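Visitor: Can you keep this structure in mind? I'll have questions shortly.
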Amino acid sequence: MSSSSSSRIANPPSPPSSSATTTATTGVQPPPPPARFQLPNSSSSTSTPDNAEMLRSVGRDFRSDTVTIPTDRMFTEMALASRGDDVFQEDTTTADFEASIAALTGKESGLYVVSGTASNQLALRTHLAKCMPPSSVLMDSRAHIHAHEAGALAMISQATTLAIKPANGRHLTWEEDVAPNLVPDTGDIHLCPTRVVALENTLWGTIFPHEELEKISRECRSRGILMHLDGARLWNVSAKTGKSMRELCEPFDTVSLCLSKGLGAPVGSILVGPNSFTRSARHFRKLLGGGVRQIGPLVAAARVAVEDHFPKLPHTHSLASWLASQLSSLGVKLPNGEPETNMLFVDVQPLGFTNDQLNARLAEEGIKTWAPRIVVHHQIEASAVKRVVEVVVEMKGEVEREGKIREAGPYKKKGMY
Ligand SMILES: *Cc1c(COP(=O)(O)O)cnc(C)c1O
């Protein structure tokens with residue numbers, strides 16, 4: 001009965017480009033597909049980006065390990081990714097990747113987010129939702145969460161930051177930095193109790209000693225204080241020390257890992273932690289506008305970044321070490337010592353010129369640096385690393401022969417990210 005009644009219902013309209021069956025039965029040519037909508041001021045059909053040139057350009061770009069470009073395999077995998085709605089939690093590529101990273105880090109679950117800032121801020125917002133305000137979060141004064149996230153903690157979580165300068169100049173310690181500055185919840189209404197300690201590893205390319213992390217974690221957890229890690233570059237720690245990601249994440253309740261810095265995904269970070277945490281963080285991600293619908297292809301690109309580029313990090317570290325030792329033997333100071341991972345800090349003043357003059361001279365040949373900081377990423381060309389050394393040799397020679405260097409064109413200095 002139902003089939004006879006439905007057969008009386010006319011078919012819905014066909015899409016504008018007719019199907020092959022229509023052609024076969026009528027014998028007439030199908031109409032051409034509708035013309036593309038033309039956007040105003042658009043030249044996209046005539047200008048093709050020169051991606052080979054872009055790859056050569058990032059191969060000479062030492063400003064940050066975020067200046068990489070997506071690889072061909074990323075696009076292959078993007079085309080194969082599932083196209084489900086991740087807000088409905090119906091995207092298998094995303095769910096599989098989140099589960100893989102959770103397993104890798106020894107946490108219950110993961111949540112893919114669009115940026116490291118989103119990841120850190122969602123983590124803190126979620127942790128702080130569990131306690132009564134007022135709250136404080138303790139961290140290194142150089143921490144990205146404090147210095148480079150546009151004051152988000154105060155705005156989004158209404159918490160205050162205890163930004164501590166490490167006594168040893170390298171990393172926070174329990175005895176000298178955390179214990180004396182923690183604000184305990186004593187019931188004194190003047191105080192703002194510390195609910196979370198947020199550490200960063202690596203911080204400015206420096207590895208946080210694992211025993212110290214464990215000590216801070218043990219002491220904090222015994223006081224009911226939560227531990228968050230900004231592990232944007234934790235991949236580098238694992239690559240350098242040989243410790244597993246799981247072991248490095250163990251002292252923390254939650255960890256944020258960057259997929260775009262260092263590893264070179266076009267987009268994304270991932271936040272890992274307990275199921276109850278991730279469920280709540282997903283809620284905050286949505287309310288802050290970070291729920292992304294068909295995100296599978298971007299997640300597929302991020303998976304390629306982990307699979308293909310995590311194994312390349314040791315090479316970036318050896319290039320950074322090689323560069324540091326060459327520069328150091330020329331008389332360049334390394335204020336932070338030997339590089340531990342992919343970043344070095346230089347002071348060329350002893351050679352008779354400034355870091356900015358070096359930046360300007362390198363910029364003349366398309367080598368981009370923000371000295372004092374120099375960062376090696378997986379697409380840096382060995383020839384560019386060598387060229388940096390040669391330019392320093394040339395400039396040193398000019399000072400020795402003529403008492404000064406040839407001035408380069410103006411150079412505009414920006415921040416460090
Ligand atoms: C870059 C960075 C972030 C933030 O990442 P975005 O994706 O740029 O928001 C967080 N932490 C550290 C240590 C970083 O270097």
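Including glycine, each Cβ sits where the backbone N, Cα and C put it.
Bear in mind that TrEMBL entries carry predicted annotations, made automatically and left uncurated.
Annotated compositional bias 'Low complexity' per TrEMBL: 1-28, in sequence order. Taken from TrEMBL, the feature domain 'Aromatic amino acid beta-eliminating lyase/threonine aldolase' applies to 61-348. Look at TrEMBL and you will find K261 tagged as N6-(pyridoxal phosphate)lysine. The region 'Disordered' annotation in TrEMBL covers 1-59.
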Visitor: Which secondary structure state does DSSP assign to K261 (N6-(pyridoxal phosphate)lysine), in the simple three-class scheme?
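Guide: Where K261 (N6-(pyridoxal phosphate)lysine) sits, the three-state DSSP reduction gives coil.
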Visitor: In sequence order, which residues at least six apart in the same chain have a CB under 8 Å from the CB of the residue listed as 'N6-(pyridoxal phosphate)lysine'?
Guide: S64, D65, T66, G116, A232, R233
Visitor: Mean pLDDT for the domain 'Aromatic amino acid beta-eliminating lyase/threonine aldolase' (61-348), as a whole number?
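Guide: Within the domain 'Aromatic amino acid beta-eliminating lyase/threonine aldolase' (61-348), the model's average pLDDT equals 98.
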